[in-house]
Structure formats: C-alpha cells, structure tokens
Amino acid sequence: MTTKMPRKITIFDTTLRDGEQSPGCSMNLKEKLEVAQSLVDLGVDVIEAGFPITSIGDFEAVREIAGTVSGATICGLARCREADIDRAWEALKDGSNTRIHVFLATSAIHREFKLRMDKEEIIRRAVEGVKRAKSYCDDIEFSPEDAARTEHDFLCQVVEAAIAAGATTVNIPDTVGYATPTQFAEVIHMLVNRVPNIDQTVLSVHCHNDLGLAVANSLAAVENGAGQIECTINGLGERAGNCSLEEAVMALRTRSDYYQAETGINTQRLVPISRLVSNITGMVVQRNKAIVGRNAFAHEAGIHQDGMLKEPTTYEIMRPEDVGFTKTDLVLGKHSGRAALADRSRALGYHLTDEQVDAVFVDFKKLADKKKEIYDGDIAALIEQRNTEIGDQWQLVSYEIQATSGLVRQAKIVLSRGGQESEATNSEGDGPLDALFLAIEKITGKSVVVKDFRVQSASRGKDAQGESLIEVEHNGRVYRGRGASTDTVEAGVRAFLNAINRIEAGQDTNKPSGAV
Ligand SMILES: CC(=O)SCCNC(=O)CCNC(=O)[C@H](O)C(C)(C)COP(=O)(O)OP(=O)(O)OC[C@H]1O[C@@H](n2cnc3c(N)ncnc32)[C@H](O)[C@@H]1OP(=O)(O)O
Ligand SMILES: CC(C)C(=O)C(=O)O
Ligand SMILES: [Mg+2]
C-alpha cells in the first residue's frame, strides 16, 4: 500500500492588514511588532504587515517588521498605482524575505461603479502593477479583488495576464463573502483547468465571512488545488471578518485523512496568540468560538462528562493541549521570581526585554500582595497595561469618590505628568466613573464622548482583576483605552486615561500611530 504525501498549504496571515481594517482594531507600532513576532512563533509562512501608502504609521510598522522580524515572508499591500507600489517597496526593502501584494478589482460592479474602468484597462493596469512590483522584488502576489463575483472568462484572462507579468502567487478573494463552498470550489477548479500558465504560480484564496462561510469556502478551495490560505487570528477582519486561521489550520490537521494536506503551524501557539490579539485589539473572543473559545473544550452535561472520564475521544476530536490550552493556568504567586514571570510571559506569546520583565515584575509583586493567586489572564492584563503606556503621559496618582446610590457628592482625582501633580474635583456626573472622567477632562483639557465602555474579569475568583476597555470620540476620531486593576473603578479610570493619552499621542483607531 502506498501512502500519499500530504500537500503543504502556505499560511498567509493578514491580521495586521485586513484584520486591522476591522473597525476599532488599529494597532500601534509596538503592538504590531508584538503580534508579528508571535506570528513567527506560530509558524505562519507569510505575514501581511500592512498597506504602506495608508499612513506614516502603517508605513513605519511595515518597515520595522520587515527590518527586524525574521522567520516569515513579510508582505505589504499596494493598489495598482505607481505611488502605492513604490511606497510598499520603500517599506519592505530592508527585509530579507519580502513580498509585494498588488490588487485590482475585476467584477462588473467594481469596474463600473468604483474604478470606472473597462475590462481592457483593468488588464493593462494589473499587468503594469505586477511588472512594476516585479522590478523591485521577485515574490509578487496579485489579487483580482471581488474575484468571486467576476465573470469566469474575464477572471481567467486577468489571472493568465498577471502570471505572465510575473505574479508568483495569484490570490482569489471572495471580498464580500458572497461565495458558497460548492460554487467557490468550482471557481478554483475552473482556474486550475482553464488558465494555461497556472502551474507557474501558487493559487491562493482570501475569503470573507459575511455568510459565515469563510472557512468552509477556503477548505473547499484547498480540495480543488489552492495552495495558500489567507486568514487572520480569531477571524478578525473587515465587516464579519476573514477566514479564521485557527479554524482552517485545525480542520486541515484534524481531518488530514480527508484533505491530505498539512501546514507548518505550531498549533500549541494558537490559544496564546488568540489571547494576545484579543487583548491588543479589544475584540473579545466569544466563549463558544471553535478552537480558541473558553468553552471549546468545556463539558458540562453529565453524559458527556461520563464519556470524557471513560475515554476523552468520545466527545473531543482534538486534544486541548494541541491548540495550547493548559490544564490549569495557575502558575505564579507572591513568592515567584523574575525567571518564572519571564517564562510564563513567553508561554503567553509575549516577547519582553529584560527591562520590560523588570517593569512588569514590579506590578506583578504589587498585585500578588493584593491577590491570592495570579492567573494567566492577570499576567496578560499587566503586560498589556504596560504595552499601552505612551511616552510623556498622564499618570494616575490617586482618586477619591463620595457617592450614595448614584448621587455623586464629590469626586477628586490627582494626576501627574513629567513629575508635576495636578488635582481636580467635580460633583457632577451620572455616577462615580462619570464624575471621575469629568474631573480628568478638567485637568487634561480634552473633552470626549464615551462610545463604548466595558469591564470584564481578567481571570477568575472574587479578587480577580477587572479589565476595562473604553472607546471615546474626540474631534470626530475614535480612540481606544485599556486599564486593569483589582479595583474596577480604578480599572475604568486607567482605561479612560489611556484613551486621553492616545489622543495626545495621535493614536486613534482609524489611523495607526504616526499617521498623517
Ligand atoms: C478589499 C480590501 O481590503 S482593499 C484594502 C482596503 N483598505 C483600505 O482602504 C485601508 C487603507 N486606505 C486608505 O488609507 C485610503 O483609502 C488610501 C490612502 C489608500 C487612498 O485614499 P484616497 O486617495 O483619499 O482615496 P479613497 O480612499 O477616497 O478612494 C480610493 C481610490 O482608489 C481607487 N482604487 C481602489 N482600488 C484600487 C486599486 N486596486 N488600484 C487602483 N486604484 C484603486 C478608487 O477607485 C478611488 O479612486 P478615485 O479617488 O480616483 O475615485
Ligand atoms: C486586498 C484584497 C486581497 C482583500 O482584502 C479582499 O479582496 O478582501
Ligand atoms: Mg479582504
């Protein structure tokens, strides 16, 4: 009997580009670097680090990632415009392993209403774009945007022309999540069979999740010859998101008997990176999310528990440890040292320098004095709190609040900046937090509208840290803030202050840091 060798599927992660396009999910440079490093640890083949023409912040992020992160191909996106392609290359040129990804929509709707180009012009622009990119770099990807709604004959023509012009990967996007698995499989099958030079390129897919079919469509494409899947951590991305990396990878692995395919993903890193991206973007992972949700391996029903106790495969098709869940996440306490903290931080997917470990260690000891047990969630919250810190920023010194049943008598807050303390009192507001926010606005002179405010538990137990996430609007732009503390009011105040500091640093969620 002969065993068929599994086909290697390239994993192209676009969390830092399409994922970041998700409203409210912009990341600053520090955060993007952290995610990029973790993607390398995860074993992805390609990291789409951004769209350099978008802003100075995005350009810098791509440049920094290309110049410092090794272990994966670093990719930058560009429209079929000279300025975009030149800017993408400018950002990528210091990297050793880089790809330019050029795209141009091909569907009738996009040609007529958005681009106002006819078919001939689309082909000409696509070819010119690929050729210009090729003049800089060997590894070129071309995407006919909205391919899933493009006429088949025209799609074949564009794909053939892009390959002839030098595209080493051709990516077929279902930009609006319109495709269905059987129909998308037919598109891939058709391209494989009709495009004469298809064997000179890697065929890729990029599926959106508007109908909840992104993973199913991507897998159907793999069955029909696609060799690359574009995906994101936690399925983050424009609107309903992109194909979820963890789901696609675990489907290929768990059903390798069916797909006869494999990836280079270190699956035990899936849960840590999911938590990292969720912490950074503030996009909470739903509890019943496949693979990485808190309930993905939880069993409450008696019959299931009975089965699990007798033989876990009765109710589990994957082992929790294979995706990075640990049996218990209680590891550290008051008597732990720096080595254990550094080790646990690494296991959680963070890359801290010795100085950063020292700084987090100070917070860790303070927390350990307040809390009996320190869980993974607590450590992640401490690290994230440090990550959100911005240069010359306002710091919380203390606060006092006098209130009875919603009636605020007085809120007093003391902040410091550059070693100088400022104090404000306030007796207005709908409650203690609102009163403290108004007092902060008095000191900083920044007036904002709170659009979203959440407090969640960072770990478990009555003494768990509260982790607060806030979104505020200032001068028409949205800013995010995060704060953690065992005192939930303080967590809220810290999150609000973090958002104010981001306003001052120009770090809104619509444009990454440094954007103009
Ligand atoms: C499916 C996707 O995910 S595509 C990626 C989407 N991501 C983003 O758009 C995020 C980053 N975008 C941005 O920062 C801005 O849109 C920029 C800087 C790229 C462009 O900004 P502006 O110059 O103000 O243009 P604006 O966004 O209003 O319109 C887009 C223009 O690009 C054109 N365009 C769109 N796609 C392409 C393409 N692939 N190739 C060439 N031109 C294109 C549109 O037709 C429009 O042109 P027009 O201004 O002549 O009508
Ligand atoms: C840029 C392209 C690949 C894209 O994101 C899409 O079409 O959804
Ligand atoms: Mg997309």
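Cβ atoms here come from the backbone N, Cα and C positions, even for glycine.
The Mn(2+) site in TrEMBL is built from Asp18, His206, His208 plus one of Asn224, Asn234, Asn242, Asn266, namely Asn242. On its own chain, Asp18 (Mn(2+) binding site) has Glu48, His206, Glu230, Thr232, Leu236, Gly237, Glu238, Asn242 as residues at least 6 apart in sequence with a Cβ closer than 8 Å to its own Cβ. The residues near the Mn(2+) site, meaning same-chain residues not in Asp18, His206, His208, Asn242 whose C-beta sits within 8 angstroms of the mean position of the site's C-beta atoms, are Thr14, Pro173, Thr175, Cys207, Asn209, Ala214, Glu230, Cys231, Thr232, Gly237, Glu238, Gly241, Cys243, in sequence order. Proximity of the binding-site residues (Asp18, His206, Asn242) to ligand 2: a Cβ under 6 Å from the molecule is found for Asp18, His206.
Neighbour list (His208 (Mn(2+) binding site), Cβ cut-off 8 Å, at least 6 residues apart, same chain): Pro173, Asp174, Thr175, Val176, Gly177, Ala214, Gly237, Glu238, Arg239, Ala240, Gly241, Asn242, Cys243. When other Cβ atoms within 10 Å of the Cβ of His206 (Mn(2+) binding site) are tallied across all protein chains shown, the result is 30.
Note on the region 'Regulatory domain' (395-516): DSSP counts are 31 helix, 55 strand, 36 coil. Looking just at the domain 'Pyruvate carboxyltransferase' (9-271), the mean pLDDT is 97.
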